[in-house]
Structures are given as structure tokens and as C-alpha cells.
Amino acid sequence: MNVAKREFIRGMMAHYRASLPPPEHSVVIHELQKRVLDIGMLAVNKAHVELFGSHVSGFCTPHSDADISLTYRNFSPWLQGMERVDEQNNKRMTRFGKEASAMGMEDVRYIRARIPVVQFTDGVTGIHCDVSIGNIGGVENSKILCAIRQVFPDFYGAYIHLVKAWGKAREVIAPERSTFNSFTVTTMALMVLQELGLLPVFSKPTGEFGELTVADAEMLLQEFKLPPIYDSLHDDDEKLGEAVFFCLQRFAEYYAKYDFSAGTVSLIHPRRHRTVYERVVRRHLELLGSRKRLEWEKHIAEHKEDGPLDENDFSASMQNETTQRPSNSPYVVEDFVNYVNCGRRVQASRVRHIQQEFNRLREMLIDKESELKFDEVFRESDTVPRFQGFEGVGTRDHRVKTFRPQ
């Protein structure tokens with residue numbers, strides 16, 4: 001091993017170790033969750049909050065954003081899109097924002113987007129929080145990612161941490177600049193491990209709508225074994241670092257060459273062709289739509305004041321589902337629990353930048369391995385313009401409501 005590579009591996013493993021949450025982190029996050037529940041109890045009837053995202057998967061740092069799903073008495077994920085239910089949820093989120101501000105949360109704002117969210121900074125920990133109503137998919141995929149990480153926490157953890165650190169430094173992960181979010185790039189990184197035989201392919205989803213379930217993933221992971229050589233990597237950061245570095249090289253090489261115009265990123269079917277993804281989505285939405293209609297009809301039968309069923313509302317609700325699963329966007333990265341295209345928000349104008357960064361990473365990690373410098377690979381860039389929408393300018397947008405302590 002050349003000197004530059006050895007120093008690079010030391011640097012990346014030190015970076016990973018320094019990013020790990022302290023032993024008491026689970027207590028800190030639990031207390032944060034309790035504070036959010038206290039707010040929820042004031043805002044909705046019989047509130048329940050559930051954490052999801054990186055603090056559940058384990059692919060986090062102490063200061064990672066906290067994603068939280070809020071539900072309430074008689075909540076049903078099937079009714080989103082029904083005008084009266086959406087209006088009530090809007091009132092619930094507005095009350096939640098007011099109560100969050102009153103209880104000491106900072107920079108509180110309610111964004112009434114396709115997926116409404118209340119954002120704030122926790123006054124105790126400084127952790128940024130995103131609270132949405134009934135994010136069932138987010139909760140499920142976080143549990144699956146957690147199960148994946150548990151196979152070998154340091155191996156998967158170091159690899160994903162370094163991919164994300166690179167992505168954030170190089171504006172490949174920057175949703176506020178219309179590039180990827182962390183979950184999307186994590187999925188991309190995991191598909192490379194599947195191609196290397198270092199993670200099973202979740203090819204037999206058994207969900208009611210053709211989706212992968214937590215039980216599906218856990219069953220397959222229980223049977224999965226990494227190659228025997230990986231047993232020697234425990235408690236040896238030099239050997240572990242070499243294995244992680246190899247995977248980083250393959251990640252860079254893979255996506256520098258990958259034909260995104262034809263293929264999708266999928267943990268259910270790696271390199272699935274877009275036309276196949278279209279068929280899968282079509283069938284998924286057929287099943288989803290049938291169940292959704294049944295739930296709407298049931299709700300209206302029990303709540304005459306909300307009826308009759310508005311076909312325009314129902315069509316708009318299903319169109320919203322379709323909009324989240326386009327097959328013609330520059331990138332198609334499948335969310336494995338509901339087939340949402342997580343890469344859909346990347347604008348065509350960002351494709352060149354992203355491809356340049358994959359090429360740069362491949363060149364530095366492979367072509368110029370003997371000249372490796374950790375600081376240069378992870379050097380922060382600031383070349384991609386920020387998205388000037390509600391996430392960029394806040395109070396200028398009518399969809400954003402800010403709250404200040406009374």
C-alpha cells in the first residue's frame with residue numbers, strides 16, 4: 001500500500017470515528033422525542049410521535065436532523081387528499097407550530113407543501129427537526145436501513161458516512177440546491193454493495209401493494225453472511241479502512257459510468273430498466289388506488305358531514321401519488337417501501353454537476369490513488385445555486401408560516 005493511500009485511509013477512519021454519536025446519544029434523542037410529544041399533546045388529540053431517518057437507521061452524527069412522524073386519534077394515512085381531512089391537518093400543523101414556538105423551539109415554521117411539515121430547531125440540543133403527519137413510509141424504510149446496518153455496524157456505517165460526507169461537501173447531497181437528499185444517496189451507495197455481493201438483493205417483496213416490508217428485509221438479512229474475510233475486520237481499523245476504501249472506489253467507478261437515462265437505482269432489482277419501473281409503479285398505484293377508494297368510502301359512510309365522495313379530490317390525490325413516481329426524471333432512485341422516485345427533485349440543470357463530481361471522485365480514488373489527499377477529496381465546494389423557493393427564502397412564500405414566541 002502506498003503512503004498516500006495509507007494516510008487517506010487513516011484520515012477517513014478518523015473522520016468516521018469522530019462523527020459517531022456518544023454513548024448517551026440515545027437518551028438525548030429520546031428526550032427530544034418526549035419534548036416533541038409534549039408539543040403534540042397540546043396540538044392534536046391523543047398525539048403519537050415516531051422518529052425516523054438517520055437517528056433510527058444509525059447512519060447519523062450527533063447533530064443530524066431529526067425526522068418525526070406525528071399521528072393522532074383515528075389517524076388514517078389513506079385519507080390524505082380528502083379536502084376536509086387536509087383542512088383539519090392544516091389546522092393541526094398550524095397549532096403544532098404555535099405550541100412548538102411557545103415551548104421554546106427556535107426558528108419554527110410551517111411549510112404547507114405537498115407533504116406539509118413543521119420545521120424548528122430544538123432549544124435544548126440545537127438539532128433541526130422536521131415534523132410531518134403520518135410519514136409511514138419514512139418510518140418503515142428507516143427500520144429497514146437499521147436492520148441493514150446491524151449486520152456489521154462499523155463496515156456499513158463507515159462506508160455510508162463517508163459517502164454522505166463526500167456528497168454534502170461536494171453539493172451532490174444538497175436538496176436546497178436541487179440535488180440529492182441523504183436517503184437517496186444512501187440507497188445509491190447500498191446498491192453498489194449489492195452488486196459486490198456485500199448486501200443481499202431484496203428481490204421478493206411481500207407487501208400488500210408489492211412493496212418491501214420490514215419483515216421481508218429482516219428475514220433475508222438473518223440468512224445473509226458477509227464473506228469470511230470480513231470477520232477479521234472487527235476491532236482493526238486499518239483492515240476495516242481498506243475494505244471501506246475499496247467500496248468507495250467501486251461507488252465512484254460505478255456511478256461515473258452508470259447510464260441513469262436507462263436504468264434505475266433499486267434495492268429490490270438493481271439496475272432495473274425504467275420501463276420495468278413504470279410497470280411496477282402502474283401496478284402498485286392500481287392496488288393503492290383500490291384500497292384508497294375503499295377507505296374513503298368507509299370514512300364517508302361513517303362521517304356523513306364529509307360526503308359525498310368528491311371524485312375530483314380523489315383524482316387529485318391519486319395524481320399526487322403518480323407525481324411522486326415519475327420515470328422520466330433525470331434520476332430514478334426507488335424508495336423500496338413505496339416505489340416513490342426519491343431522485344425526482346433533481347433538476348436537469350444539476351445533472352452535469354453531479355456527473356462531474358462522480359468523475360472527479362473516480363479520478364481521485366482510482367486514477368490518482370498514489371496522490372490521494374483526504375482534505376482534497378472532501379474539500380467543500382460552493383458552485384451550485386440555491387433553490388429560491390420556500391426552502392430558500394422562507395417568509396416570502398405564501399406556503400410558509402413562521403411562528404414567534406408570544
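If you go along the chain as it appears here, the first residue is 1 and each next one adds 1.
Using the three backbone atoms N, Cα and C, a Cβ is placed for every residue, glycine included.
Look at Swiss-Prot and you will find 1-15 tagged as transit peptide. Listed by sequence, the residues of this chain that lie at least six past the ends of the transit peptide (1-15) yet keep a Cβ under 8 A from its Cβ atoms are 158, 161-162, 165, 237-238, 240-242, 244-245, 248, 369-375, 377-378.
In this structure, Phe183 (UTP binding site) is part of a helix by DSSP. The UTP binding site annotation in Swiss-Prot covers Ser54, Ser64, Asp65, Gly138, Val139, Glu140, Asn141, Ser142, Lys164, Lys168, Asn181, Ser182, Phe183.
What Swiss-Prot records for Asp65, Asp67 is Mg(2+) binding site. For Asp67 (Mg(2+) binding site), the Cβ neighbour count at a 10 Å cut-off comes to 23, with all displayed protein chains included.
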Given the UTP binding site residues Ser54, Ser64, Asp65, Gly138, Val139, Glu140, Asn141, Ser142, Lys164, Lys168, Asn181, Ser182, Phe183 in the record, what is the largest Cα to Cα distance, rounded to whole Å?
25
Given the binding-site residues Ser54, Asn141, Asn181, which one is most crowded in terms of C-beta atoms within 10 angstroms?
Asn141
Once the chains shown are all counted, how many other Cβ atoms turn up within 10 Å of the Cβ of Asp65 (UTP binding site)?
15
For the transit peptide (1-15), what does DSSP give as the number of helix, strand and coil residues?
13 helix, 0 strand, 2 coil
